[in-house]
Amino acid sequence: METSSIITTHLRGSRYVSTLTLVRVQLDQTGSYTATASNDDDIEEVIFYLQVQAPPRITSLSEVGTNGVLCVSEGSPPPSFTWYTCHSSQRCSNLSGGWTSLSAASEGVTVQQNITQGKEGGITKVHSLLSLQALSSLSAVRCEAKNSAGRRARDLRILSNSLLSQVTVLSAVLVLVVIAIIFLILLIVLWRKKPRYEVRWKVIESVSPDGTQYTYLDPAHLPYCEGWEVPRDHIVLGQVLGSGAFGCVVEATVSGLIHSHSTTKTAVKMVKQRSDAVPSLMSELKVLVHLGPHLNVVNLLGACTRGGPVYLITEFCRHGDLVNYLQRNKHTFLHRDTVNGDSDGGYMDMTKEENVQYVAMKELSYADIQPDVYETPFTPTDQQEASSLLLSDSPQLSLSDLIGFSYQISQAMDFLSSRKCVHRDLAARNVLVCEGKLVKVCDFGLARDLLKDQNYIARGTSFLPLKWMSPESIFQNIYSSQSDVWSYGVLLWEIFSLGSSPYPNLPMTQEFYSALKRGYRMNPPEHASLDMYDLMRRCWEEQPQTRPTFSSLVVTVGNMLSDDYKQRYLQLTEDFLKGENPAVVRSRWSSSRTAEDQTDRQTHTHGSGPAPQVGVQLSEADPVEAGSSHSPYIISIGDVTIESDGTALDADRYEG
């Protein structure tokens, strides 16, 4: 597009007019122009200067130091400045009202000006610095720049020192609040991800038709009979047997569990003060009530749920967990088959197991109870009766003992399976050893520091014993009695390796998961026979339905034992049922109380009119032959038969 044109016009005779037209003149067109007129006789030149004007533009207005304001403007010709002040913030919004002009002659006012000339005829930048002693008392300052082409003005709000300090404090507070909120959010996220104590035992409520989906009963919905309550002042707490991140197990002496003059040595589970594990402990209590007593389960003896911390009172197992028991006594192991024979020889004195160092329990407060008000712990007085309670009184460890441990644990797991209970943490560390090499299955997680235990890997809010878990439990989160069978196979490996850790050559990394998916299985342990290792491999079948059931495991392992051992075990079970074991006695009491409650509810349901005749009968199931579809050692204590109007209603506690 043309920006200039020259037109020459002949007026008359020798008179001419030449016109230069500039279209949309630009600043860069400022400068000197020369007009030349010539003919054959002479040449004449006329020089003139063109000044292109630009209105002022304020590029910046800011405070400088504590008493200065700097205004920068540019324009052509160079702009001049006028400064204004305003004392009232309400009136400063007006264009003119409330504003007072300043001059360099005013008291306490200094104006300095610096001109930066651009190219010839170009834009000129001018800096004007206003210094005002009373600047902090003003609400606003206005800078006005003007030249022949126009004027511009800009206002600057002045923050007083007090307001500035308030803004600074408010900003600091806001920053701290934001940091606190972020920190709180992080704490909540970490708290929700923090592993928590949970009861590993689950009671199956229903199974999907394809067997891949399990619905577990919420332990909170299980009943709890008040007959299990033990007066708090009947408990004398002693030394700590085990302590973990969530709670501990304490040795205790409890009076009155069997009769008013009896005292019983027990183990008391409790959670730490201010712990969120109390609901889990209550769930464990209700699960144990639901299960009922069994010879090879650490049985519930009572509980304290009111008037203080929750106490869960269970049987006391003198020799601790099976892993440590095997490791302590592995040097006494007889390296020859003693299943069908007796052995003797010089081996360690088992009384050395009493030399266990306990940690004093400082963080708990106990009732001030004097032990001497009670009698000595209740024990059978007849020596023949005492010896009948022993499966083995040999101080050394034999192959028969290892198979016996396996047999007893299979009995316990068959019992749990019959009660639709899934253990989910079956391992040698969760098997306790009593006098006479009697073993009992339990869940000892509360008294174990899972944060430091290398057998447990944190996943989300849970600690998982991955080495003992079946593939479907690890990869699909499916738990069933058949997944417990897999764990039982790993437990057998622990027993026949005398307490070694499973998968000794396999790191707990992605390599472990890949190995399981490839079908990797452990080599036979040192002391396992071919038949026993074959049993382990069958427990480790990939498909759960192809693994043996616990009922068949009872038969298979039992066939590896002598008839004498199984006869002694049968006698021990009978003594357990008929004797004064606190677990059995209190289970009878609880069942009786439950039956009375059912009778009362039926009476209220019938309303007015004659009350129906209701009879309550407590019965014990007769033992059956080992190897039947149901374990012969499932203790049917307190089965209730209610007869109402001549109709008998049988309640089988252990059926399906």
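Including glycine, each Cβ sits where the backbone N, Cα and C put it.
These come from TrEMBL:
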- 169-191: transmembrane segment (TRANSMEM)
- Tyr214, Asn430, Asp443: Mg(2+) binding site (BINDING)
- 235-570: domain 'Protein kinase' (DOMAIN)
- 242-249, Lys269, 315-321, Arg429: ATP binding site (BINDING)
- Asp425: active site, proton acceptor (ACT_SITE)
- Tyr569: site 'Important for interaction with phosphotyrosine-binding proteins' (SITE)
- 587-615: region 'Disordered' (REGION)
- 594-603: compositional bias 'Basic and acidic residues' (COMPBIAS)
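Separating the Cα atoms of Asn430 (Mg(2+) binding site) and Asp321 (ATP binding site) is a whole-number distance of 7 Å. With respect to their backbone Cα atoms, Arg318 (ATP binding site) and Asp443 (Mg(2+) binding site) stand 16 Å from each other. Among the recorded positions listed here, namely Asp425, Asp443, Tyr569, Asp443 has its C-alpha nearest to that of Asp321 (ATP binding site). Model confidence over the domain 'Protein kinase' (235-570) is summarised by a mean pLDDT of 81.
DSSP assigns Asp443 (Mg(2+) binding site) to coil, not to a helix or a strand. Using CA atoms as reference points, the recorded positions Gly242, Cys248, Asp425, Tyr569 were checked against Asp443 (Mg(2+) binding site), and the closest is Asp425. Note: the CA-CA distance between Glu315 (ATP binding site) and Tyr569 (site 'Important for interaction with phosphotyrosine-binding proteins') rounds to 19 Å.
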